[in-house]
Structures are given as structure tokens and as C-alpha cells.
Amino acid sequence: MLLPSIPSCSFSFVVFVSVLLQTCFSFQLTPLSPKNYPPGASIDTTVNTISPFIGDGRGSDIFNYEYYDERFHFCRPENIAKQSESLGSVLFGDRLYNSPIEIKMLENQDCVPLCASIIPSSDVSFIRDLISKNYVVNWNIDNLPVATYLEGTNSKNYSLSPGFPLGKNTEKGVILFNHYDIVIEYHTTSSDQHRVVGAYVKPVSKESTLVDGNPVCSSSSNPQYLPEGADLTLVTSYSVSWKYSDTPWATRWDKYMHIESRQIRWIFIIHSAIIDTFLIFVVSIILYRTLNRDINKYNSAFVDQEDVQEDFGWKLVHGDVFRPPRRPMLFSILLGTGAQLLFMSSGIVLFAIFGIVAPSRRGSLATATVALFIISGFVSGYVSALSYKLMQGMLRKRNLLLTPFVVPGFMLAAALFFNMVFWSKSSSSTVPFSSWLLLIFLYLLFTVPLSFVGSLIGFRSREFVPPVRTNQIPRQIPSHSIWLSSFPSAIIGGSIPFLVILIELFSILDSLWFHPLYFMFGFSFFCFGILVTTCIMVSIITVYFQLCSENYNWWWRSFITPGFCGIYVFIFSVFYWFFKISSSSLATAVLYFGYSLLISVLVFFLCGSVGFFGAFLFVNKIYASIKID
């Protein structure tokens, strides 16, 4: 009997989840229903952040800045209004405000001056520095990112890159783009409704001109250079033109989702699948040939006992194979966290496959991540308690209390530190204090109670009965090959799951640090499935050879070996820094390597837990198949 109050606990769990989802998604998500505009109607235009971009394959910084940061001196509307954002948008650094640019459906505008501003020399130097680091400006028109055409594409088959350059480095100096040629594509439905299906900007640099102190559109072909050590008077202007498009509203995001490396990705996924298939084949050989033959021989009444002692090492440790590992408290907490991350990752991939998480829903990825992590506190508590009980741990109350606080507490402390670094650089990525309070409130109100409920159910669940008895006196472990030691096994075994996600890791890091849209969830779905399978296969093979060498300390080994994939992720991040990021900023380095370390640790927990679960089922299965006198 599991728990007398299971029905009431289940009802409470459902209520908790319902309230949590309502709380998380009560933040405005980007709407997915089309908006129709009659001729002359005002188009929704907003400004976002100034963000880094990978120029010539390299990035130079990772800090975002608000569009209306005083150092930019951009033109402002009469009343600046902050736009509603999802929780995920706030966490990912989006800061949306209304725009001073007025656009009306099907009305062309030829060079409209916005304003004139005086930029002091210190701010000119700041802007020059960002231009040299390939920063881009981010606008939105009808909730669609304003973009520029990617180089090397043609008019029939083109893709767009969200954002447009702040300026450009030339041989004569640094120029600032202060005129924006805005081209908006529209589509007319069968009911004569007009919809925005594309928006891009061709930024131009024009020498600023004032007439009687008022800004006017310059007819000069000279660019606007940014002087060194001097103030600058800047005039900003824009033009608007409309272009009909056959693209329906439902597919307007396809232009942003051009994948030039699609063929390479499929080839890599096929290679990863081949590796995975080979591992499955090896495990199948072990299970259906070697083990089956060994078990039949071992169970035979006519086999000589000395032959058994000689030939079948994995069966000799049957009296110790379920002996509890060292540090069961720590081990169980890490397994609970890994199960929580597995639940969260699986949910995100499934949400993306079904379109709940998509680039068109701004902030949906981060919002879903937060919601799933909070809900999966139940999974963490249950798996941690069940594992601790399996390992014959005695401090159950301590396990119940530590599970929801150890790893999440480490993550919170790291995130607060990173937030202080963002704040010191006046970056828009600084998470507001109110958002921190909300996250902590959600965690304490939902995750901690859910974790406690999961732990109670786990501790009161049916006792696990090992298929073989554990001897009172531990068996002496003989010496074995160095290749069967923990470290060499982890180095070899952890490299295989890492190779499965290597190509996808490039795209994830590019999206994380330089903000291109990440939409390749189809590839992620295959990679994630192959990763999970590979971790299980690697762990099973490692444990099998370890048991064959009569070493029964397999518990931690089954966790560390596939978990070593996280170490490779960090090593890869170091190479990514040297080959893709050219920055001498200490703050940038601290943030980059801090986030990389945090992500690598979480990958370690995820892969390690998956490997242990597979190995435990494997060990339980094979020892349940032999007869012990």
C-alpha cells in the first residue's frame, strides 16, 4: 500500500499544476492570430534591444542594451511606454518599448526626419565600440522582427537575419547608420484584408543636416562618420515603402528559418544514429548471446563450480552488486535533479514539436522552461526519495529537505551573481528585482511543496526487493586493467554522447550568446532522443565490463561515465570562446565561462541520471535471471 492519502495528494497536485500554469502563462505571449489592417491603419511598431551579432563568423561581446539607453541618444516618442512581455522574454533580456516611427498600412513615406540629437564625445566612443563589435538594432513590426537580407541570397530564394547593423567600419572611419529604408511586405486575403508578412530595413548613413536648427533629410551622399574625441550632432530619418507578397500570413516566419546547413545536419544526425545503432547492437549481443549463454550455463545443474569461478566474473559478485554506494544522500539528490532536468527537457522538445514553443511566440521557450522546471519538482522529490530508500539511507527527513534546495540553490546563487555582472554593465539582460521575487515566489509556492509530496510518495512506496541477497562481508575487488578504471572509462564513454550533440551544440551556443532565432527543434528532437539512448547504452556497456572484472562498485560509475559528456561540453565551450568570441573584457569572460560551467554541470546531471536508470534496470534484469543457491 503506497499512501493512505494518495487521492487527496493527487488532487492537490492537479490544483498546484493548474494554478502554476495560469500564473506563468498569464504573462502576455506573442499572439499567433493574424491581425488585419485596413488602408491607413497604424501598424504596431516596437523597439527592442541593441544586441551582439556574429560578424565574419566571430562575436566580440555578449551584453544587450536597451534601445532607449541614454548613451545611444536615439529618437524617442513623446511618451515612452513599456510593452507587455512574457516572463521568458524578461529572463532572456527582451525589453520592448513603443517606437517613434509611425507606419500606416499601404502609405509610402519618403524620408521623414525624426529628430536631431547632440551626442557627447564619451557616448560617441561607446557607440563606436559597439559598431566595431558588430552590434545590431532590433525592431518589431506587427510582432515580426525587422530584418536585413542575408548576403549571398537571391530574390527568389532569400532568408532574413533579424536585426540590422548599428553602423559599419570603413577604411576612412566608423560610420553610423542614421537613415532607415523600411520595406514592408503585405498580403491581401480573399476577403480583401491586408496583413503584414515581412519587414526589413536597409540602413543608410547620411551626413546630418540642420536648417534653422531643425532636422531635415539630407541629400548628401557623404556618410555620417563618428568622430574621435568630439561631440556629434546627429539627424535621424526614415522612409517607408510597401511591397505586395504572395506569402500567406501563416508562413511569414519561414524566411527567418532558412537553414543553409540543413544537409550537414541531416548527415550528422544519420552518423549519430549509426553510432547509436552500433551501441544498441553491442548491448543486444551482450544480452541475447553472451548473457543468455552464460545464464543458461550458470543455471545448469551439471556445471562445475570451478568453471563458474573461472569464466563468469559478473556472476561472482551477485552477493555485492546491490550493496549501497558511498554518499547515498548526495547520489540520490543528483539523481532527483537529473530526473527533473530530463522531464523538463523532454517537455520542451515536445512543446516545440507541437508548436507551443516557437520563435513566433516571443519568450515562449524560456517561459516553458521555467514552468516545466517548477512543475517537475515532484519528479525530483520522488526520484530522490526512491533512490535514497533503495540505497538504504536512514536520514529521510534530511533528504526530503535537501532535494529541492541543494542544486536549485546553487543555480539561484549563480544566476544572482551573473545578474550582478549584467547590472554592472548596464545591460538590458539584467533581470528586474520584481521578476526575481516572482521566480522565488513560484519556486517556494509550487516546486518545494511538489518536491515534498513526491518525496513522501517515494518513501512510502513499496520496498524494492533485490533479486539476489547482499552478503554481510564485502567481497575483495581484484586488480583490473587501467582501462576499466573510473577516469579512463569516463573519458571514453563520455565522449560518445558528446559526439551525438556536437553539431547541434554549435547552433545552441550561437543562439544563446548572439541571439539568432533558434527554431531547429526537429533536429533537436532527433538529437535528444539519440542522446538519451546513447547515454543508456554507454552506461550499460561500462557496467557490464566492470562487473565482468568483478568490480561491484558500479553505482557511481554508471552515473559518472555518461555524465562526463558535460565535461566535454565545457571543454567545447572553451574552444568556442577562442574561435568564435574575440573579447578582452573580464566581465564578458566571467559571464561566458560561468554560464558555460553551469550548463555543463546540468548536462552532467542529466546524462548521468539517464545512464544510471538504464544501468540499474540492466543489472536488476540480469541478476534476476540467474539461480543462486
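Using the three backbone atoms N, Cα and C, a Cβ is placed for every residue, glycine included.
Relative to the membrane, Arg361 and Asn553 are annotated in Swiss-Prot as lying on opposing sides. Residues 2-3, 316-323, 381-386, 389-390, 396, 400, 545-546, 549-553, 556-557, 560, 620, 623-624, 626, 628 of the same chain, all 6+ positions outside the topological domain 'Cytoplasmic' (458-488), place their C-beta atoms under 8 angstroms from a C-beta of that stretch. In the predicted model, residues of the topological domain 'Cytoplasmic' (545-558) average a pLDDT of 87. Outside the topological domain 'Lumenal' (423-436) by six or more residues, the chain places 49, 63-66, 69, 87, 90-95, 415-416, 587 with a CB less than 8 A from a CB of the stretch.
Counting C-beta pairs under 8 angstroms (sequence separation of 6 or more), the transmembrane segment (520-544) reaches the transmembrane segment (599-619) with 3 or more such pairs.
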